[in-house]
Every structure is written in C-alpha cells, then in structure tokens.
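Report on one structure; see the data block that follows.
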Amino acid sequence: MVNDPPVPALLWAQEVGQVLAGRARRLLLQFGVLFCTILLLLWVSVFLYGSFYYSYMPTVSHLSPVHFYYRTDCDSSTTSLCSFPVANVSLTKGGRDRVLMYGQPYRVTLELELPESPVNQDLGMFLVTISCYTRGGRIISTSSRSVMLHYRSDLLQMLDTLVFSSLLLFGFAEQKQLLEVELYADYRENSYVPTTGAIIEIHSKRIQLYGAYLRIHAHFTGLRYLLYNFPMTCAFIGVASNFTFLSVIVLFSYMQWVWGGIWPRHRFSLQVNIRKRDNSRKEVQRRISAHQPGPEGQEESTPQSDVTEDGESPEDPSGTEGQLSEEEKPDQQPLSGEEELEPEASDGSGSWEDAALLTEANLPAPAPASASAPVLETLGSSEPAGGALRQRPTCSSS
C-alpha cells in the first residue's frame, strides 16, 4: 500500500499537460494566422502604394541623343554645309508610351558639345529652332533661341593649355565647351493634341559640333514635389496609411463574422421567421380550399387552416386541437353542400366569433374506425356519402 504510485496525481498531471498542449497549439495556430494576415496586408499596402506612385509620377528626366543631318549635293569646294543641320527626335518610348504626361510642366533644353575651334569662335551668334509636332506631322509649337560660344581671350586659352597640358596629352580633358540652350521653360502637354516628336534645326552652315542631346526635365509642384524630393518619408506614410485602412476593414469584418456585434441579426431573423410562418399558413389555406370545390348553386365557404406555429397541417386534428389556444385556433365552418342544424350560427343574428372554441373538455367522443371512412370520403367528394347529412357538433359557450 505504501509503494503504490500516486495515480490521482499522475492523472491530474496528464490532464493538465493535455490542456496546456491544446492551449499551446491553439495559440501557435492563432499566432500563425495573425502573422500571415499582417504579412498579406503589408504586401497589399506596398503594392497599392507602388501602383499609385507608378501611375501618378511622370518620367522625371528624359535624355535623348540628337543626330543632325544635312544635304551633301552642293559644291564640295566650300567649307560650309549645303543646308542647315536638322534632326528629328521622337518623344515616345518604344513607339507606344509617351514621355510627356498631361498637365505636367517640363523644362526642355538642348545640350550642344562644340569644340573651341577657330571656325566656331569666328561663328558668332547662331539660331536654334525646335518645332514640336503631333500625329500626322502637324506642328503644334515652335520655339527659337540664340546661342554662341563663351568668349575667352588668347592669354586665358594659353594659361588653360599650360595648366591642363598633362590631362590634354593623356586624353582626360578636351578643349571644348558644353552649351545648354533652354528651348522651353514651362512646356505643358495637351491631352487632346499629344506631342509625338520634335524637329531641331541649327541656323548655321559653318558650325562644327561633337554631339547634341535633348533633355526634358519635369518641374514638380505640390504632391509630386514631395514624392520626388522626399521619397522615403512619403513611402513610409503611404504604406502605413494603406496598412491602417486595410487593418480596420479586416477587423470590422472579423468582428461581424465571429460575434456579430456591429449589426445584430436578431430582429431581422425574427421578422423572417414571422414571414415564413404567415406564408406557411397561407399555403395550407390554399391547399384546403383546393380540396373543397364549390359547384353552382351551393354556398361557398371560406376554409381556414388549423396550422399552429410549428407548421402542422389540418390533416392530423388529433395533434393540433390540444395545442392551439383560443386566440390562434380558427373558426370551423361547415363543408359546402351540408345543412347546418345550429340556428345561432346561420340566422345572421350571431357571428362565428361568438361561438366558443373547442377545448379538451367539450370535444365530442371520437368516432369508431368504421365511421371515420365515410367522413374522409365526404371531404374528398362534393356529395355526402349515402345521402346522409353530417351534423356539426354544438359547442357550448364558456
């Protein structure tokens, strides 16, 4: 007896272990579901902010090389060109996506890379013209600017050559000037007439240049200015706002689905149950009226159903007469083609509401099995069986 193991203590420890293991599994499952939900909401928030940023922010800067061409069918003995250098620049990406966005102001500049040659120094001022066109080649905007090389004296050129001689010898520096010509300071795209390209022309036949680039830079204001100059701060605020909004929606949906604490359904379900009960009563009344045809010359009666709240049909009177109360039990009327022997209900002086309802105390004695068959046959036919009239039992008023 002394060496017997403590069985109740072991059982208690086993039960406690099972309970703790169940709680641990439940907590682990809840934590996993919560973590997956938070991760999904965070991913959706980042996706929404990225989609908004991509659709709302235009191209910040667009740099396109400018390739000039000119005629060569003139006399080659002269040093000047046969025509002005002209270039056609497309303002679409891949032939489909446009570079410019509607309503956004842009700064359009032309960068010219000119050598400091004696020809360019003697060139003086020259004119640069840009013509923007839309579909079909129709010109919609034109702008012209004058340009010239920056002046430097012979002494300054000599000193510059001496200082940067080592870099010039190894090719790390060149004797050239980069001119930036502002063609449009505030160019706005028209949504009805989009810009598809531009034609650039230099009005000089003696110009010498290394290359040229057309730069289009967006000038942001308002929200776009904040998104461009403070990208990390705006991204954090945008993702946090989306995450908060989605979390509130998910929380309200969870509360409504689990507890139903926001919009309770008790009143709505009660109304639905009452409507269903009324519909079932009407259906039973319709079926009873279908079993009682009214021939010509006979007095039509209004059958009423003995349906209770549980939906029992009048075909089983033994189960309904004891359950119906005086307020819910309908008045019993005689069948069509039968004569009533009760003067109080047929002479018009009284009403069916004045007659007392049947109760368990004054129910008539049940008829034998042999006598119930003619009654059933009478309910299914318009003529009484055997030519006998069924008398309605007189109910004593309480």
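Yeah, the Cβs are placed from backbone N, Cα and C, and that goes for glycine too.
What you see is a predicted model, and the numbers here were worked out from it, not measured in a lab.
According to DSSP, ASN88 (N-linked glycosylation site) is assigned to a strand segment. Residues or ranges marked as N-linked glycosylation site by Swiss-Prot: ASN88 (among others).
According to DSSP, ASN242 (N-linked glycosylation site) sits within a helical segment. Under the heading N-linked glycosylation site, Swiss-Prot lists ASN242 (among others).
What Swiss-Prot lists as phosphoserine is SER289 (among others), and the listing cites a large-scale study or a structure entry. Cβ-based neighbour count (10 Å, all protein chains) for SER289 (phosphoserine) stands at 16. According to DSSP, SER289 (phosphoserine) sits within a helical segment.
Taken from Swiss-Prot, the feature phosphoserine applies to SER346 (among others), supported by similarity to another entry.
Marked as phosphoserine by Swiss-Prot on the basis of similarity to another entry: SER351 (among others).
Per Swiss-Prot, phosphoserine is recorded for SER372 (among others).
The region 'Disordered' annotation in Swiss-Prot covers 281-398.
Residues or ranges marked as topological domain 'Lumenal' by Swiss-Prot: 48-242.
Beyond its flanks by at least six residues, the transmembrane segment (27-47) meets 239-240, 242-243, 246-247, 250 of its own chain at Cβ-Cβ distances under 8 Å. Taken from Swiss-Prot, the feature transmembrane segment applies to 27-47 (among others), supported by sequence analysis.
Sequence annotations record features per position, and here Swiss-Prot assigns transmembrane segment to 243-263 (among others) based on sequence analysis. Residues of the same chain lying 6 or more positions beyond the ends of the transmembrane segment (243-263) and with a Cβ under 8 Å from any Cβ of it are 37, 41-42, 44-45.
Look at the Cβ of each of the glycosylation sites ASN88, ASN242 and count the other Cβ atoms within 10 Å; the largest number goes with ASN242. Between the CA atoms of ASN88 (N-linked glycosylation site) and SER289 (phosphoserine) there is a gap of 91 Å. Across the structure, SER289 (phosphoserine) and ASN242 (N-linked glycosylation site) place their CA atoms 63 angstrom apart.
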